[in-house]
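As recorded in TrEMBL, the features of this protein are as follows:
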TRANSMEM  27-50  transmembrane segment
DOMAIN    43-292  domain 'G-protein coupled receptors family 1 profile'
TRANSMEM  62-83  transmembrane segment
TRANSMEM  103-122  transmembrane segment
TRANSMEM  142-160  transmembrane segment
TRANSMEM  207-228  transmembrane segment
TRANSMEM  240-263  transmembrane segment
TRANSMEM  275-294  transmembrane segment
Amino acid sequence: MMMEKINATLEGYFVLLGFSNWPHLEVILFVVILMFYLMTLIGNLFIIILSYVDAHLHTPMYFFLSNLSFLDLCYTASSIPQLLINLWGPEKKISYNGCMTQLYFVLALGSTECVLLVVMSYDRYAAVCRPLHYTVLMHPRFCHLLAVASWASGFTNSALHSFLTFWVPLCGHRQVDHFLCEVPALLRLSCIDTHANKLTLMITSSIFVLIPLILILSSYGAIARAVLRMQSTAGLQKVFGTCGAHLMVVSLFFIPVMCIYLQPPSGNSQDQGKFIALFYTVVTPSLNPLIYTLRNKDVRGAVRRLMG
C-alpha cells in the first residue's frame with residue numbers, strides 16, 4: 001500500500017504555494033529577488049575570478065572564501081530560478097523529481113556552509129593567535145582536506161534526510177506551503193506520524209547549526225583575547241577588518257537558520273518562516289561578497305593590480 005502511494009507521488013507534481021496569499025506582493029518580490037540574484041552572481045563570480053587571477057590572494061583565507069562564493073552560487077541556482085518562475089506566472093508547479101532534487105541540494109549546500117564557516121573561523125584563529133605557526137597549521141594540503149570534509153559532510157547529511165523524506169507517504173497531498181522544497185514543509189504533507197523524521201532533523205540541525213556556532217564563537221573569543229593584547233594599531237585594524245566581516249556573515253546566516261530549524265513548530269509561524277527563509281536564501285548570498293570586499297585592502301589592491 002505504501003509503495004503504491006510513493007509510486008503515485010513519483011509520477012505527480014507539487015504546487016509551491018509560496019507567496020500566493022499576497023498576490024499584490026508577487027511582482028514586487030520578483031523584481032527585488034531578481035536584483036539580489038544578479039548581485040549574487042556578479043559578486044561571487046568576481047571573488048572567485050579575482051582569487052584565482054591574483055597571486056597575492058593565493059592564501060588559505062581566500063581559498064575558503066572562493067569555496068564560500070562557489071557554494072553561494074550553487075545554493076542560489078538550486079532555489080531562486082524556480083522561485084522567479086513561480087512569482088512571474090500563474091503556474092506554480094514543480095515535478096516530484098525536481099522537488100526532491102531541490103530538497104537535496106538546498107539542504108546539502110546549507111549544511112556545507114555551516115561547516116565551511118567553522119573552517120574559516122579556525123583559519124582566522126590560526127592567523128591571529130598562532131601567527132608564527134600559521135603556514136604549518138594551514139598547509140595547502142590541509143586546507144584542501146578541510147574544504148573536502150566540509151562539502152562531504154554537508155552532502156552526507158542531506159542524503160540522510162532526503163532518503164527519509166522520500167519514504168514518507170504523502171497520500172495525494174500536493175500543495176507545499178513554501179516557495180521551495182524543504183524538509184519541514186514536505187513533512188507537513190504526510191498522512192502518517194513523522195515524529196521520527198522531525199527528531200532526526202532536530203538532532204542533525206543541532207549538530208550542523210549549534211555545534212558550528214559554538215566552535216565559531218570559541219574561536220572569536222580566543223581572537224578577542226589576542227586582540228586585546230596587541231600593541232599595533234595597524235594590526236588591530238586588519239584583524240577587525242577580516243574578523244568583523246566573517247562575524248557579520250556568520251550572523252546573517254546562522255540567526256535565520258536557527259529561527260527555521262531549531263524553533264518548535266507552530267501553525268502561526270509558517271508565513272513568518274517563508275520570509276525568514278527568503279532572507280537566508282536570497283539576501284545573505286548577495287551580501288557576502290560586499291561584506292568581504294568593501295573594507296578589505298587586499299581585495300582593493302588586487303582590483304587595482306587587475307586594472308593595470
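Residue numbering: from 1, along the chain as shown.
Glycine is no exception: its Cβ is also placed from the backbone N, Cα and C atoms.
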Surrounding residues of the transmembrane segment (27-50) on its own chain - C-beta under 8 Å, 6+ positions past either end: 19, 57, 65-66, 69-70, 72-73, 76, 80, 83-84, 87-88, 278, 282-283, 285-286, 288-290, 292-293, 299, 302-303, 306
Selected stretch (most C-beta pairs under 8 A with the transmembrane segment (103-122)) from 207-228, 240-263, 275-294: 207-228
Long-range environment of the transmembrane segment (240-263) - Cβ separation under 8 angstroms, sequence gap at least 6: 61, 68, 110, 113-114, 117, 120-121, 124, 127-128, 184, 201-202, 205-206, 209-210, 212-213, 216, 220, 223, 227, 269, 273, 276-277, 279-280, 283-284, 287-288, 291-292, 295-297
Long-range environment of the transmembrane segment (275-294) - Cβ separation under 8 angstroms, sequence gap at least 6: 33, 36-37, 39-40, 43-44, 46-47, 65, 68-69, 72-73, 75-76, 79-80, 83, 178-180, 182, 245, 248-249, 252-253, 256-257, 259-260, 300
PLDDT averaged over the residues of the domain 'G-protein coupled receptors family 1 profile' (43-292): 86
